[in-house]
């Protein structure tokens, strides 16, 4: 850590704290994710290992956040990423007015190119959401947080876990016990991402073919109850809220 000067705290995730830092020699601004090891015998957390492996296997790409270095520090280790000014969730949340169509198209194009690059390298992200889409000062969008990523089996022989992150953007296929033998969750999440802000809803129709069926579109805005989903898989079980 001696080669970096901490400039401030960016945030905190499930497995570590993220700091904004400056490389002492080069002056480069980076984001440092400090991951502490709870017990030495447990070794590296699986999510951190997956993220490192996925980013190293894919290499550099303008639509995927760059991992610059990994090094031990104290009772844990540090991942050094290129610094990005914000994320899509913050951009939408603090927008004074609806985003221009040209800006929406630009973000969506960069997202799709990033996902295409991941899939071309047999990497399935499995946790696409606005908070994991980082935005640079120049407006460049990059996919980040590959902690739930998996190496995809082209022949479809590998069965994947249902634990594919955020419940609010889980695909219909995932919630109905269907085996995850394909890249299915990513197309669904791309549609969920474009439907989040109200002024983005029009873009969902353009990508309806990415869903299992166009007839599923009206259900995106509906609220499910326990009677409508009596056989919800155990890995997704939770108490339904009264509305």
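The backbone N, Cα and C atoms fix where each Cβ goes, and this holds for glycine too.
Taken from Swiss-Prot, the feature domain 'Protein kinase' covers 4-243, and the record attributes it to sequence analysis. The average pLDDT for the domain 'Protein kinase' (4-243) in the predicted structure is 75.
In the structure as shown, the Cβ atom of residue 18 (ATP binding site) sits within 10 Å of 16 other Cβ atoms. In the three-state DSSP scheme, residue 18 (ATP binding site) is classed as strand. Taken from Swiss-Prot, the feature ATP binding site applies to 10, 11, 12, 13, 14, 15, 16, 17, 18, 33.
DSSP assigns residue 127 (active site, proton acceptor) to coil, not to a helix or a strand. Positions annotated as active site, proton acceptor by Swiss-Prot, on the basis of sequence analysis: 127.
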Note to self: So if I measure Cβ to Cβ from residue 16 (ATP binding site) and keep only same-chain residues at least 6 apart in sequence, which ones fall under 8 Å?
What the structure shows: 33, 34, 35, 36, 48, 76
Next item on the list: Write down the Cα-Cα distance for residue 127 (active site, proton acceptor) and residue 18 (ATP binding site), rounded and given in Å.
Entry: 19
Checklist line | Residue among the recorded positions 12, 127 whose Cβ has the most other Cβ atoms within 10 Å | finding: 127
Notebook entry, point to check: Once near-sequence residues are set aside, which residues in the chain of residue 10 (ATP binding site), 6 or more away, have Cβ atoms under 8 Å from its Cβ?
Noted result: 18, 19, 20, 31
Next item on the list: Take the C-alpha atoms of residue 12 (ATP binding site) and residue 127 (active site, proton acceptor) and report the distance between them in angstrom, rounded.
Entry: 17
